[in-house]
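Enquirer: Annotations for this protein, taken from TrEMBL, read as follows:
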type     : residues : note
DOMAIN   : 1-559    : domain 'Major facilitator superfamily (MFS) profile'
TRANSMEM : 41-62    : transmembrane segment
TRANSMEM : 69-90    : transmembrane segment
TRANSMEM : 138-163  : transmembrane segment
TRANSMEM : 175-203  : transmembrane segment
TRANSMEM : 223-247  : transmembrane segment
TRANSMEM : 285-304  : transmembrane segment
TRANSMEM : 324-345  : transmembrane segment
TRANSMEM : 357-377  : transmembrane segment
DOMAIN   : 395-449  : domain 'Kazal-like'
Amino acid sequence: QFFVFCHGLLQLSQLLVSGYLKSSISTIERRYGLSSQTSGLLASFNEVGNTLLIVFVSYLGSRVHRPRLIGCGALLVSLASFLMSLPHFLTGPYVYDRSVASTFSNRTDLCQPGAAEAWANLSDASCTPHASRKNHEVLLVMFVAQALLGIGGVPIQPFGISYIDDFASERNSPLYLGILFSVTVIGPGVAFMLGSAMLRFYVDIDKVSAAEVQLTNKDPRWVGAWWLGFLVAAGLVALSALPYFFFPREMPKEVGEVLHTHAPQSPLVLSGFPVVLLRNLRHPVYLLVVLAQVNISAMVAGLATFMGKFLERQFSLTASLANMIIGAVNIPGAMVGIVVGGAILKRFQMSLRQCSALCVLGMLLCLLTAFPLLFLGCPTQKVAGVTDWDSSGFGHHDMECNAQCRCPQRGFNPVCGSDGVEYTSPCSAGCSHVNIHTDSSVLNYTRCSCIAGPGFARPGTCGTGCSHLFVPFVVLSCLAGILASTSHTPSFMLILRSIQPEDKSFAVGIQFMLLRVLAWMPGPVLYGSAIDTTCILWERRCERRAACRYYDNTLFRQR
């Protein structure tokens, strides 16, 4: 029972690492200028290390000291999590365009007609070969960390489960495995809540004083302390790893009703491998159910990675709040669905045909609930020079009204004009004057030549004005999730009951292999690529396309 407790704790901490990355992905994109395709690849890269080794480890079976191997894997996961936070300590403080000079830079992005020469030098100065190399180093460290995370996670699940199954009594084994399964479902929820807590802090909380930070967490330039969660998770994993070095290689079997002598099975497996593989893949039910699971898993993998980013952009939420919604509403919804599906199975003792009917029903209802989500959202706010929302040629006039300012091309410090139009910087709105609060945060910008009427602008984005659709969206998406996940348990039953008993563990192994290779790896990359196609303004860093500043929200939602 102590082993089960330790293993639950370890699985929770391990899931914290991979789940936390998904919760902070939009922040990491903004901090290091990544496209969603790159960040999607990063998020799924741990599956690569995992898949390469999982087959090999499953063959080792009971011939190794399992607890010790789990402990070593866990230490590797802990190291990987620590490595994920390393780029924060390797790179300098986060630099963003600002209107108020600071100790870091005396440049401001107001409209200063005489200052064009100064601007030109500044924008090129930051583009040394050193800067772009630094960026490659950051990416390399993160990808290596993700690969190590996958490799370290390999022994944890299979060895833990087989160890428990070998030494638990027949009566208690399902209970223990049920506990572990529920932990793996709760894990991602806890990870998103951790993300929600950490992203409230400013990224350079350890490098700059609070007075220096002129951003609020609602600002589009805000970057939260994404690295903090990785340190927390690394510590938790390391703590959970320690007890494993003190468990024995074999335990006396727990006393239960039925006693069996357990001979360790020697896996003479390799010779029969192709035969069993073909026999299973020829089985139409097995193949179809696995393909159905691949499709839904690819969707879940893509959504888990980018749902937060979607909520941030569509409903103008902070990253912290988006994570809170996912961790407290969507993931628990999926848990409820899984439990309900299992309960229905047990209550009605369903046949295979009824199992498949339940799956189909769950998916159909899910589609019906999810269909309105296509329309629940708002277009991107009007952004001068970015979105072509006015055919009267205002865009051309816009270029004239701030011509004398000679704004830098890449400046990004969005302001919302009193005319309800957003500008990418105070300079592009033609604002030449800034009013400052007592705590040195910006109150507003005045004397803006591009804004009609009183001609002032407030800092920050205008927002999508979509808050009224937020609650319906969350309710419907949660409901769709509950309905879809009711098919989780019956689809597993279809697989387990449609194949020959001696192939069971092998068939499940192949199933997970196919899910990894066809769903969990490509899912986030495909989603990221689709999201990238909807970008309407890219940030440029040293001639390199970096993160996306503005998306076409309608396309983003539909794709």
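Using the three backbone atoms N, Cα and C, a Cβ is placed for every residue, glycine included.
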Enquirer: Over the span of the domain 'Kazal-like' (395-449), count residues by DSSP class, listing helix, strand and coil in order.
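Expert: Its residues fall into 10 helix, 18 strand, 27 coil.
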Enquirer: For the transmembrane segment (223-247), what are the same-chain contacts with Cβ under 8 Å, counting residues 6+ beyond its ends?
Expert: 2-3, 6, 9-10, 13-14, 16-17, 20-21, 23-24, 27-28, 30-31, 67-68, 70-71, 74-75, 77-79, 81-82, 84-85, 87-89, 94, 194-195, 198-203, 205, 217, 319-320
Enquirer: What stretch, picked from 138-163, 175-203, 324-345, has the most CB pairs under 8 A with the transmembrane segment (69-90)?
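Expert: Selected stretch: 138-163, with the most Cβ pairs under 8 Å.
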Enquirer: Does the transmembrane segment (175-203) reach the transmembrane segment (357-377) with at least 3 CB pairs under 8 A, where each pair is 6 or more residues apart?
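Expert: As far as Cβ distances go (cut-off 8 Å, pairs 6 or more apart), the transmembrane segment (175-203) and the transmembrane segment (357-377) do not touch.
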